[in-house]
Amino acid sequence: MFANPVVKSFQYGNHTVTLETGVIARQATAAVMASMDDTSVFVSVVAKKEAVPGQDFFPLTVNYQERTYAAGKIPGGFFKREGRPSEAETLTARLIDRPIRPLFPDAFKNEVQVIATVVSINPEVNPDMITMIGTSAALAIAGIPFNGPIGAARVGHINGELVLNPSNTELENSKLDLVVSGTEGAVLMVESEADNLTEEEMLSAVVFGHDQQQVVIKAINEFAAEVATPAWDWVAPEENTVLNSRIAELAEAKLVEAYQITEKMTRYDRIHEIAAEVNEVLVSENEDVNLKEVHTIFHDLEKTVVRRSIIAGNPRIDGREKDMVRALDVRTGVLPRTHGSSLFTRGETQALVTATLGTQRDAQIIDSLMGEKKDHFLLHYNFPPYCVGETGFVGSPKRREIGHGKLAKRGIQAVMPSIEEFPYTVRVVSEITESNGSSSMASVCGTSLALMDAGVPIKASVAGIAMGLVKEGDDFVVLSDILGDEDHLGDMDFKVAGTNEGITALQMDIKIEGITKEIMQIALNQAQGARKHILKVMDEAISGAREDISEFAPRIHTMKISSDKIKDVIGKGGAVIRALCEETGTTIEIEDDGTIKIAATEGAAAKEAIRRIEEITAEVEVGKIYTGKVMRIVDFGAFVTVLGPKEGLVHISQIAEERIEKVADHLQVGQEVKTKVLEIDRQGRIRLSIKEANAELNPAPAAEAKDAE
């Protein structure tokens, strides 16, 4: 039935990788089952034979989905099926997209969809690497125009050694989690989180990962040769040299002048005017001119003008030299009622960042295929349309916002205190209020400032910087603190976050081949100088965490009780702890070892909660007098509280000196009385006496008279 299944297995570090095609999803353009040990991902590629006429962009979609059956689980929730992509799934989809997108020809506009589905998982083997390898293999056998294949490698830094594709357990002890992807001759993408590693250590890890993945690229080439899919007969459309020349004649000189306007919105207005003038002239010359084609050529001309100017050594778009950082403005404590806040402005990029402290109950529970964990540090990045002077949809975060938030979080994670050192859940929100390049790195700077303003004892200030590159032949220029236009028109986006001591996050996206180790070294060194300049300005505003947290933040008080007393504090069905929280206005969390954390914005409330917990957990002593309330009345006596919720029985004979017939004649429910503990039996039942307590507290007049004689 299955005519020619092709299977390719090879060793990759400590793992066995298997690629298989020809059995599943045979109607797709290409489909590969990729496995790394017991982690298996099924990747399909479907490409349309024809592009939409006049389409001026490349419609590539990458979908990554984790099925819970892969881990032998049933989804939680009401519907019991997978829903919208999780944050982790979105980040993995971006990880796949970034290195493959630049490998399609610029003129290729046919729709391509990649769908990767995790179908089996070993908790020790993260599925992202094998997904990237499987995607590369599927594209390599699809027959479509693709300048791959790519490889992918995860690199750890454990005990001073670089480790290829460490397991999830090994990563817990690693100072580095770096993913690098590239072709045989070039690195295309780097994504990493580090614990203050040096520039040299980071570069060594990138080179190591790229060298190691050559075995993957070789295996995929052999796999593709065996499958031998016929290549599409796609040919790039011929360049319209006549239209190119005419647009250059009409607009080039004007664009050179326009790109000397340093203010972004004024420059954009002028460029739009030039574009409108060009359209008007071309339509008057030929009514049938394709304006979409004109737009594409005009944009390419813009790119040529800017790149030529930078390579020639001229000042940049906003007038800066290549290694200059834009003007900085740093403010903290800008919002009165938030727990911590900052406003970080770098040129025309601005981030308003807030930090909020919560209890451990506020931690995010992440239920992934590899197990459940709690995240006590949350960082959310918002990019509203007004920050670039536009209108647009406002709603759920898009892929880009999720990716930028994760990058900023990676930059800060290394300096965050442990939950034992600072028992709070911390949520940071970065609102990008202006944007002209490098907003994710502005978020890193703003987050560092807001955390210090909130009194979070981070280990050091962290700053981030975005670098760019323009390369023509052997000539190249590395740019510090790139603008949005320089990012768009350049060959590399290189973001580095770190402290004065080292790098905490590195993200790199390269659009061309030929980026050498030397170029990356220059970029890293130039980024170090820019980062230290920004840190100096930040430290002038605030150089360490405030000594005290905000008066509006919850204060967490910790106490310890015996673990066998936990049930007393919780009560039947949680009744006792619920009442404690409601009546004292606090939030109380109890751990299995008896550690209790009480969160309250007012000190008096916390003290009252502590007093009541101490009362509940205290041991009742025989012979001691306690004040309690009558809880129930029965024929043979009354049940009275002793310590907190503990109750004891006052027998009818122990209520008063004289004989009584009805308990209700002397006691009412809710009445406060003093009782003396007579006995605690083996079962923990407490016997109380009101009459002995009264006798001890109020000696009889006769006895007093006798004493007086």
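Positions of Cβ are set from backbone N, Cα and C atoms, glycine also.
According to Swiss-Prot, the Mg(2+) binding site annotation covers Asp487, Asp493, on the basis of sequence analysis. The annotation domain 'KH' is assigned in Swiss-Prot to 554-613. Swiss-Prot lists 623-691 with the feature domain 'S1 motif', giving sequence analysis as the kind of evidence.
Residue counts for the domain 'KH' (554-613) under DSSP (helix as H, G, I; strand as E, B; rest coil) come to 32 helix, 16 strand, 12 coil. Within the same chain, residues at least six positions away from Asp487 (Mg(2+) binding site) with a Cβ under 8 Å of its Cβ are Gly437, Ser438, Ala466, Gly468, Asp493. Here the Cβ of Asp493 (Mg(2+) binding site) has 21 other Cβ atoms within 10 Å, regardless of which shown protein chain they belong to. In the three-state DSSP reading, Asp487 (Mg(2+) binding site) counts as helix. Secondary structure at Asp493 (Mg(2+) binding site), as computed by DSSP, is strand. Counting residues of the domain 'S1 motif' (623-691) by DSSP class, helix then strand then coil, yields 8 helix, 33 strand, 28 coil.
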